[in-house]
Amino acid sequence: MNFQENYDVIVIGGGHAGVEASLAAARMGSKTLLMTINLNMVAFMPCNPSIGGSAKGIVVREIDALGGEMGRNIDKTYIQMKMLNTGKGPAVRALRAQADKDEYAASMKNTVSDQENLTLRQGMVEELILDDEKQKVIGVRTSTGTQYGAKAVIITTGTALRGEIIIGELKYSSGPNNSLSSIGLADNLHEIGFEIGRFKTGTPPRVLASSIDYDKTEIQPGDEAPNHFSFMSSDEDYLKDQIPCWLTYTTENSHTILRDNLHRAPLFSGIVKGVGPRYCPSIEDKITRFADKPRHQLFLEPEGRNTEEVYIGGLSTSMPEDVQFDLVKSIPGLENAKMMRPGYAIEYDVVMPHQLRPTLETKLISGLFTAGQTNGTSGYEEAAGQGLVAGINAALKIQGKPEFILKRSEAYIGVMIDDLVTKGTLEPYRLLTSRAEYRLILRHDNADRRLTEIGRQVGLVSDAQWEHYQAKMAQFDREMKRLNSEKLKPLPDTQEKLGKLGFGPIKDALTGAEFLKRPEVHYDEVIDFIGQAPEVIDRTVIELIETEITYEGYIKKAMDQVDKMHRLEAKRIPKNMDWDKLDSIATEARQKFKKINPETLGQASRISGVNPADISILMVYLEGK
């Protein structure tokens, strides 16, 4: 085969999955090519101008802990930072940043361009080149006929695969934001034999900032207290001059406009064929599914410091443009707003994810990986997490090293990938805290403690990041030791001080850690009694200490559950397993096992339609092998 150039890894698509995949592979020493349809759309945000949020924010922290880029990049380019769910327990707290979308993309493009071992090139890949047996990928062919050789290929094409934009009765071939649609590659994947699904997502109108009457909306400022996505970011760099978002609502008039035009809605007229996201429905879907609600929240989100475009979060729609004009003007604060871009729906092809291994390598073609919305997920963060895993595994495969699989107990990224490859998805998949059975372990504050050592082992965590992490953990250990040794004694002055703070008296001496276990007590109050540490304790260390001590009992119970699950995960299933030999299992279980081909007993136990009796039979069979 005649190749123009040869690479270790070729990544197709420069979105959020593609940049993480290519950076990971290159940083691990693989000669990498990132091919993208448009160099001006690297890490572009075609929908909401934000990073993080519930569950998603924890994923960004996990990406950072493993040595990925998304957290570092948003810390350089945000216009607002906010910790969500602060009134709830630590398991559901998550960080969200409003991004300067142009700065975010430009900064990430610079990072990619400057990365050693990584070549960024504009071009459209139309075909995968396979070996003579049609079992292994060996390169790609572009629309210009140029052929590039590769030992591994990662497809991260987002919503571009046979993408079609829909606005009212208008439907035309396009990727996101009127970029080119990738039709040749979509056809090629179908020809190779992949099962292809058709999904849909959408985006709301954008309006001119200067045409908004903010007096009719509620200001939503960022946090004054510093927070960051990257564990390497400094509190000294926390942005003081933040830009607020604004809250408004739909009205009864908004709903009337929508109801009167539902017959023109592509979602209901049959124009939209793809399956849409359950957890991010269009406004026309909302007023139909939740007809009893008098109004729906809308967030006016600035798209950056140097643009007048404002994103109307919560108003995703593919209604005809004339309906969108009327709809926007029915919203308080937007009566005189000038619409800059209409909302639209986009349909696209997906590789149904049950065809993937937990490494995100396809079962059908060796060396071929897929990640991001190509796999049926929604969201920049979910895409980036998958891209990182695919990039790591592509590099490891080439190096002949053990594969990288995150467990459900180790990361939300692990939960997501296990859900995708074990259960599959029939709609755009979104990460939720409720999907994680070990969410008290998978917290925002301990992502580095969970994953930095793993990232170091695979060769992605830099020396600087590793030293920073080790210093933090050493301080954590020293302060935990001090809190478990220094005591509050039931002396008169201690009792008086406790009373002034609103705490009851103590009968026996308590260690600082025992006092901190009380739900109403915080670290600063413990220090009032046992004194300051001989060093300045980092804010993030204090946060970790408070959670680990306060919830120690619950965390221990969760870890006991993890140990039980790990025993199931340790039982491997042979790759060439003959499922027909299991005579006693239910027919549905046999069919599911054949389709998913689980790799461990633990994975088999999580397949929908498989009951405990089937797992017991499988366990007995494996133990007899």
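Backbone N, Cα and C atoms are what each Cβ position is placed from, and that goes for glycine too.
Swiss-Prot annotates G13, G14, G15, H16, A17, G18, S182, Q373 as FAD-binding residues; of V125, V323, V421, the candidate listed for that same site is V125.
In this structure, of the binding-site residues G15, V125, C280, K286, F290, the smallest number of CB atoms within 10 A of the CB marks F290.
F290 (NAD(+) binding site) and A17 (FAD binding site) are 33 Å apart (CA-CA, integer value). Under 8 Å, Cβ to Cβ, and six or more positions away along its own chain, E284 (NAD(+) binding site) finds L258, L262, A265, L267, F268, T317, S318, M319. When the binding-site residues G15, V125, Q373 are compared by Cα distance to G276 (NAD(+) binding site), the shortest distance belongs to Q373.
The sparsest Cβ neighbourhood within 10 Å, among the listed binding-site residues (G276, T288), is found at T288. The FAD-binding residues named in the record, G13, G14, G15, H16, A17, G18, V125, S182, Q373, extend over a maximum Cα to Cα distance of 18 Å.
Cβ neighbours of R278 (NAD(+) binding site) (same chain, under 8 Å, six or more residues apart in sequence): E427, P428, R430. Put simply, S282 (NAD(+) binding site) is 23 Å from G15 (FAD binding site) when counted between their Cα atoms. Ranking the binding-site residues G13, Q373 by the number of CB atoms within 10 A of their own CB puts G13 at the top.
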